[in-house]
Each structure stands twice: as C-alpha cells, then as structure tokens.
Amino acid sequence: MEVRHNWTVAEVQTLMDKPFMDLIFEAQLVHRKYQQANHVQVSTLLSIKTGACPEDCKYCPQSAHYRTDVDRERLMEVESVLDAAKKAKNSGSTRFCMGAAWKNPKERDMPYLLDMIKGVKEMGLETCMTLGMITADQAGELSEAGLDYYNHNLDTSPEFYGNIITTRTYQDRLDTLSHVRDAGMKICSGGIIGMGESASDRAGLFVELANLPQHPESVPVNMLVKVKGTPLEDAEDVDPFDFIRLIAVARIMMPESAVRLSAGRESMNEQMQALCFMAGANSVFYGCKLLTTPNPDEDTDMQLFKKLGVNSEQVAQKPDQIQEHELLDRVAERVAARPNKDDLFYEASV
C-alpha cells in the first residue's frame, strides 16, 4: 500500500464499514509493513499552565467559559518543569510534552518556554509543546530552541467544528500546522471522538489529517472524557468497536505516523486497549494524569505491556539497564499486590 494524500470522505466511510475482522487484519498488515511490531512509544504530558483559557471548546474543563473543578494556575517555574521532566525520564518516558491552556502564547512567556525546551532536551528527552495558536515567528523560536514536536489538534471535521468551538476557526488551526511544518518541527495532530459527531464527521477528520501535504508524525486519537460543568458532560458513550475501527482507519490512512491512544484510555479495559494496539496504535501517554483528566498509571501500563508481549522504548533506557523481563516481572508483582486492581477499568466492551 502506498502513502496517499488524496482520500475522500466516501472512501473512508467505506473503509470504516468493512467487517470488523477484515478491517483489523488490513490495519495490522499495514502496521507491520511501516511500523515496528509489538512496540509502543511512551510519552508524558504535563500541564505547565492550567485553567482560565479564553477558548470555548465545549469538551474542555480548562475553559474559562464553564464552571468546573479545575483551578487556575500560573505558568510553572522553569525549574519545576525540569524536575517533572526528570521524574518522567526516570519512570521511562522518552518524550516530554508540555501543555499550556492558552489561546496563544504571549511574547512575555516565550523566554520561559524556550528555557523549558532547552532544559528538557539536555536530559536526552524528545520535546513536545501544545500552546494554542502560534505565529510563524514563534514557531521559528521554538524550533531554534530544539522543540521536536508541536501538538495542535484539528479536533473534528470542518463541517462539525462550529458546534464545538467558536473562538478560533478551522483555518486558524491549519495555519498553525503550516507554521510548525515550515519551521522544521514535527507535527502532532489528531482529534476527539464522542462529541456528538456523525460517522461522516469522523471520516472527515481523518481525511483532513491524511490529506495534509505531509502526514503528522504523531496522530493522537482521543475518546471524549466527559467532565461535569462542560457542555458535553452528558454526551453519549462511544461504542468501543467504533473507536477501535477508527484506530484501524488512522493506521491504514497514515501508515508512517505514530497513532497514539490519548485521552479516554482510563475508561478502556485491557481487552479494548489490546484491540487498539492490534488495530495499529503504537503510542500512549504514560502517567496518572493527562493535563487535568485521569490516565492509567505507569505500573498498570507496564503490566498490560507484559501480558501482550509489547516492548516500550522506556525499558531500554532505564538508567540501571535492568533487563526488560525482570523489570516487567517486578512491576507485575507490585500491581498484583494492590487491592481492587480490576476497578481501574470499567467494562468498556458492554
């Protein structure tokens, strides 16, 4: 299969409607052709500036437009961010992502952001930031400081977008991605499933991503985390099989990209996550929180990787060079000793 940039919505919908087993099989074949089998890349995400965002994204608990339990916090001190990065590296992450709840970064904040990037890079970690919209000049500054990835999601299809966000346009998002690419950085861009969009909208999101001049190097696929106080707190649950199908579709359409299981993974049981990996997911966020929403902790992830025979880069980069099977056995023993460990997941397949 060739790498394409000319997908149509109708074509993607036909792909989505394939028999489940056929679709997963096709995705796994593509995955093994373009990606390393049985391998998952792990990243850590830190909120470096939380809450009071002026945007009105209906899914987001950090928006100043909604009453949620998220407290407003100033931009973190550089040293505090670097301390968190050290902990992430020691826990096994190979990429450190920093997110700020802004419409766009102010010029007064740029020196601090650049110092964060440089400090994290010195630790040998890949760096990623998500700061909202950025100008071409800001993209150049971030790139010069050593930023590897910039995250800016498209969220949904152009047609459904206005139902979710009104404070920035779809073109604003595409312009930011262009600035990132022109500055020589890698793109991390995906969307959110479960906001009330149609199957056609889901297909449209992936068409937008796959038809970019160059595919995003990383494609996070989020399942909506419903937060009390946001307009989407009562949204319908996403059918697990529909979500797994979308992972497969992303893998087939963007074979060279990393497909990341992102928000919503806390509500997926082990079987659902395993099927997502089979469908082509090969990256996860690692740690107990994604910005302000829950995420499976590191030990739980390592136990699942052991069950599946999945390798993560984090094992090979442990400072003491512990053999992978020894590390996984120790983690599994710790997790097995916990009470009510099965309560970490609800039965998402029902």
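For all residues, glycine too, the Cβ spot is worked out from N, Cα and C.
Database features, via Swiss-Prot:
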type	residues	note
DOMAIN	38-256	domain 'Radical SAM core'
BINDING	C53, C57, C60	[4Fe-4S] cluster binding site
BINDING	C97, C128, C188, R260	[2Fe-2S] cluster binding site
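Around R260 ([2Fe-2S] cluster binding site), the C-beta neighbours below 8 angstroms that are at least 6 residues distant in the chain are S43, C188, G190, S218, V219, P220, V221, A281, N282, S283, V284, F285.
Counting every protein chain shown, the number of other Cβ atoms lying within 10 Å of the Cβ of C188 ([2Fe-2S] cluster binding site) is 29. Sequence-distant neighbours of C53 ([4Fe-4S] cluster binding site): residues of the same chain at least 6 apart with a C-beta under 8 Å from its C-beta are C60, Q62, S63, A64, A101, W102, K103. In sequence order, S43, T44, L45, L46, T127, C128, M129, T130, Y149, N151, F285 constitute the residues six or more apart from C97 ([2Fe-2S] cluster binding site) in its chain with CB-CB distances below 8 Å. The secondary structure of C128 ([2Fe-2S] cluster binding site), as reduced to three states from DSSP, is extended strand.
Summarising the environment of C57 ([4Fe-4S] cluster binding site), the number of other Cβ atoms within 10 Å of its Cβ, over all protein chains shown, is 23. In the predicted model, residues of the domain 'Radical SAM core' (38-256) average a pLDDT of 92. Cβ-based neighbour count (10 Å, all protein chains) for C60 ([4Fe-4S] cluster binding site) stands at 25.
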